[in-house]
Amino acid sequence: MVEAQTWTTRRMSNPRLLTLDTNDQLLDIPATPPSDQRNNIIGSNNSNLLTTSLIIASWYFSNIGVLLLNKYLLSFYGYRYPIFLTMLHMLSCAAYSYVAINILHIVPFQQIHSKKQFLKIFALSVIFCFSVVCGNTSLRYLPVSFNQAIGATTPFFTAIFAFLITCKKETAEVYLALLPVVLGIVVSSNSEPLFHLFGFLVCVGSTAGRALKSVVQGIILTSEGEKLHSMNLLLYMAPLAALILLPFTLYIEGNVFDITTEKAKSDPFILFLLIGNATVAYLVNLTNFLVTKHTSALTLQVLGNAKAAVAAVVSVLIFRNPVTVMGMTGFGITIMGVVLYSEAKKRSKVTSH
């Protein structure tokens, strides 16, 4: 009899069954999954990690690749037509975006709903053209390392345009973090061996245009009733940008179509460079979307901070442009300021919520 009671007590003390005093019900805690299910979960996590790693690697290669290809074409190969090159980028983005959305169905297709929405997209296309043309033009005169140092000041211009357009004020900590961003560029500029005033000015213009684009794009992507997915926005922006650039390339760069055709006849390698360059330019936009989708916008920002330093180092190794200790110090100060800015922005968002 004693043994029976003992057996009953042990049976009722099954750790998977907890007695609730209120309703005297039994709560069944799920059993540990079998080993094959655990292996499937681990395999799925490893697969997701591998996919994310490949996407981030693709983002790095495409971003740095398009910079190096642009520099090679415009400075070393002697193809001095930055506006036409930008127009090719836009045509490539339009064609690949159409395939990605309407054929591969990566994201659903969205239509433009109003004239007001179209005008916003048109304005964004103009800003986009200005930024990319200035960026490509600066690569004719400046090394990639200095170009990336100037480009790292984008948060400074973003904060200014966000305040002017949306009246958005940041915390004092965020504004203070921008001081080393500007200080680093001052130090780098004073010690840059290949400093070129025109190249510097158009690179600053490109950086300011990129910041203005991000602010306007944020308005379009988040506006209620006119919200567009970033890939759909690129689908509409790219052909508009190509049309905007066409008269400028014909007027400023003359018979660039005939010159390119003649170059292709004597050196077919130019076609490989142009097509490859335009394809990589689209991959920059595609991988931007994929990185944000598989990680977060904050991760993309952190990767962007590191990308500038990686691109600078790679360009110095490939093109052998001279660098100074003060130039590297200035670049380091700018990157440090960008990191501080990112951290200050993150803390201000947490505080506001």
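From the backbone N, Cα and C atoms, a Cβ is placed for every residue, glycine too.
Nobody curates TrEMBL annotations by hand; they come from automatic prediction.
Note on the transmembrane segment (48-69): residues 139, 144, 147-148, 273, 276-277, 280-281, 283-284, 286-288, 290-291, 294-295, 303, 307, 310-311, 314-315, 318 of its chain, located 6 or more positions outside it, place their CB under 8 angstroms from a CB of the stretch. Here TrEMBL flags 48-69 (among others) as transmembrane segment.
Residues or ranges marked as domain 'Sugar phosphate transporter' in TrEMBL: 52-342. Here the domain 'Sugar phosphate transporter' (52-342) has a mean pLDDT of 89 out of 100.
What TrEMBL lists as transmembrane segment is 81-106 (among others).
Under the heading transmembrane segment, TrEMBL lists 118-139 (among others).
Counting same-chain residues at least six beyond the ends of the transmembrane segment (145-165), those with a Cβ under 8 angstroms from any Cβ of the stretch are 67, 135, 138-139, 174-175, 178, 181-182, 184-185, 188, 192, 194-195, 200, 203-204, 206-208, 210-212, 214-216, 219, 305, 308-309, 311-313, 315-316, 321, 323, 327, 330-331, 334-335, 338, 341-342. Per TrEMBL, transmembrane segment is recorded for 145-165 (among others).
Residues or ranges marked as transmembrane segment in TrEMBL: 172-188 (among others). Under 8 Å from some Cβ of the transmembrane segment (172-188) lie the Cβ atoms of residues 146, 149-150, 152-153, 155-156, 159, 326-327, 329-338, 340-341, 343-345, 347-348, all in the same chain and six or more residues away from its ends.
Residues or ranges marked as transmembrane segment by TrEMBL: 194-212 (among others).
For 233-250 (among others), the entry in TrEMBL reads transmembrane segment.
Marked as transmembrane segment by TrEMBL: 270-291 (among others).
The annotation transmembrane segment is assigned in TrEMBL to 298-319 (among others).
If you look at the transmembrane segment (325-342), the same-chain residues 6 or more away from its ends with a CB under 8 A from one of its CBs are 145-146, 148-149, 152-153, 155, 174, 177-193, 298, 301-302, 305, 308-309, 312. The transmembrane segment feature in TrEMBL is assigned to 325-342 (among others).
When Cβ-Cβ distances under 8 Å to the transmembrane segment (118-139) are tallied for each of 81-106, 194-212, 233-250, the top count falls to 194-212.
Residues 81, 83-84, 86-87, 90-91, 93-94, 97-98, 101, 112, 121-122, 124-126, 128-129, 132-133, 217, 220-221, 256, 285 of the same chain sit 6 or more residues outside the transmembrane segment (233-250) yet have a Cβ under 8 Å from a Cβ within it.
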